[in-house]
Structure formats: structure tokens, C-alpha cells
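These notes are about the structure you will find just below.
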Amino acid sequence: MVAPYSSQLQAPVVKRDQSLTSVESMNMSYMDPKTVTLIGIPGLEHVQFWIGFSFFAVCLVALLGNIILLIIIPTELSLHQPMYIFLAVLAATDIGLCVAIALKMLAIFWFGFYSTAFDACLAQLFFIHALQGMESGILLAMAFDRYVAICDPLRHTTTLTPFLLVSMVLAVAIRAAVLVGILPILLKRLHFFQSIVIAHSYCEHMAVVKLAAEDTHVNKTCDLFVGFTILGFDMIFILISYILIFQAVFCLHQKEARLKAFNTCTAHIFVFLEFYILAFFSFFSHRFGHVVPSTHILLSTVYLLVPPALNPIVYGVKNKAIRKHVAWIFFLNH
């Protein structure tokens, strides 16, 4: 008769423990946080001060190179062509991307400014991803320019009119702003977060989504939709453009003509490959892979900062007018 009585006494104790666990779980979540904490590179906090110098050097090269492009292209009449107008827009986009990432990242690495307002985090998230989308769209516009220049050269000037160029740039900017703008709006509808510590050096969409203590299926689905609508769409049409370009080039009878036509595309091909290879590696590794966090953060930062640094170098090496102006700025002007 003692055993049943003992078990009856234990039942309320179990129920109380479950209740305490539920209360503790609620207490561990954060409701509508005003601030979040970016820790930089998890696992490498002790050396990220020194890592910051390498990223600073890359940003410096990117800013200097792209500012020089924005000075040269408007002043050099021979560069008033669709390809170089798109290159100027790409340079402005790359400057914005570097500024959006580097300021907060270096503040974390060098000065320990880990905390940031939640709304400021969403703003950084928006600008980084929107500028990425713009860069992808400009690369598609540049591929279209190469397609018309090689496959239908006699109509190149009449097809790519100033009005069409402005319309294409505006369409790229509006598409990026509208599609990426959905992401922070959906994040604002989330109220409970299991943590306010973001294991990253900048605010990235999926890094914030993973903090939520609510159902995030809509956020993840929208993330994939935006990614494939921008990056996937652009990559497919750039590949189609180059298939048509290569068909036209190989149909040319003279070897010199083929080499000349192909040479006009090499800079864009290099920029296209570096951007999309790094982009898709970062995109899929963060969502589906099992990459070490420190490795993923380093690679994603490289993906965002290295193309802006390489783009002006690639086009500067390939274009005689740009090389001449760069030499004049740095050497002959003194």
C-alpha cells in the first residue's frame, strides 16, 4: 500500500519540473529585441584583429580602383560606350557594397563594437543583398551589350540607346530593391528570438533567420525565391548570351577576327565567373552545407569584397584608355 502512495506523490513533482522547463524556455527567448550582437568570426576572435588588416587592404584597393573608374569613364570620350557606362554603374555599386560591409566589420575587429541596433542590422542586410542583386543585374546587362556588339554589330548603336541604358539600370535597381526589400519586412514580423548573438561579421539574412524561435519556413522559402530569381535568372541568361556569342565567333572565317571578337569578352567572362562561382558557393554552403562557421564567414566576406577589388583591375588591364589615365594620375601628374 506504500508504493502506490509514493508514486502519487512523485507525479506532481514531475509536472512541476515540466512547468519549470517551459517557463525557463520562455525566459531564454527574446521578444522584439532592440539590439543584436555581431561576434565577428566565431573561433577566430583572438586573431580577427589581424585579419581585419587584410580585409582593410582589399577594401582600400576596391575603393581606390572603383573611384578611379568613376573619374576616368565620364572624362574619357572613347569610353562613352554602353559597356563602360555599365562598368561605371558596377563601380558605384561596388563602392556601396564595400562601405556597407567594411565599416561595421572593421569596427568589430579593431574596436570591439559588437552591438548594433536591430533595425540598423536589417538596414545593413538590405543594402548588402540589394547591392549584390544590382551587381548581378549589371553583369547581365553587360552580357547583353556583348551579345549585340558581336552578333549584330551594325545595330549596336541604334539598339543600345541612352534611353535603353537608363531603363536597364533603373530596372536592375528596382528589381533588387523590391525583391530584397521583402526579406527585412518578413524578419520584422518575427517577434521571438532564441538568441540575439549573430555568429557573423555583418548582418546576413539567413544568419538572422536562424536566431528566430518561431516558424521561419516563409522566410527561408522567400530567401531561396529571391536568390534564384536574381542570381539564378541572371546566370541562365548570361550563359545563353555567351552560347550565342561563341556560335557567332566560331562562324567567323578569319582567325584574327575571331580572336578580336573573343578578346572583347574576356574581361567580362572573368568578372562573371569570379562573381557567380563565389556567390553560389556562399549561397549553398550557408543553407545546405556543413561548412565550419569560421570558414563560411571568411569565404562569404571574400566573395563580397574580392570582386569589387578585382573588377577595376581586370578592366584596367584590358583597356588601353583606362591604363593611360591611371598612369597619368599616379605618375605623369607629378
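Placed from the backbone N, Cα and C atoms, the Cβ positions cover glycine too.
Features reported for this protein in TrEMBL:
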- 65-315: domain 'G-protein coupled receptors family 1 profile' (DOMAIN)
- 49-72: transmembrane segment (TRANSMEM)
- 84-113: transmembrane segment (TRANSMEM)
- 125-144: transmembrane segment (TRANSMEM)
- 164-187: transmembrane segment (TRANSMEM)
- 224-249: transmembrane segment (TRANSMEM)
- 261-284: transmembrane segment (TRANSMEM)
- 296-317: transmembrane segment (TRANSMEM)
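Of the Cβ pairs linking the transmembrane segment (49-72) with the transmembrane segment (261-284) and spaced 6 or more residues apart, fewer than 3 are under 8 Å, so the two regions do not touch. Averaged across the domain 'G-protein coupled receptors family 1 profile' (65-315), pLDDT for the predicted model comes to 90.
Under the criterion of 3 or more C-beta pairs below 8 Å, with sequence separation of 6 or more, the transmembrane segment (224-249) and the transmembrane segment (125-144) qualify as touching. The transmembrane segment (261-284) is not in contact with the transmembrane segment (84-113), judged by fewer than 3 CB-CB distances under 8 Å for residue pairs 6 or more apart in sequence. Residues of the same chain lying 6 or more positions beyond the ends of the transmembrane segment (125-144) and with a Cβ under 8 Å from any Cβ of it are 83, 86-87, 89-90, 93-94, 96-97, 100-101, 168-169, 171-173, 175-177, 179-181, 183-184, 187, 202-205, 208, 226, 230-231, 234-235, 237-238, 241-242, 268, 271-272, 275, 279, 304, 307.
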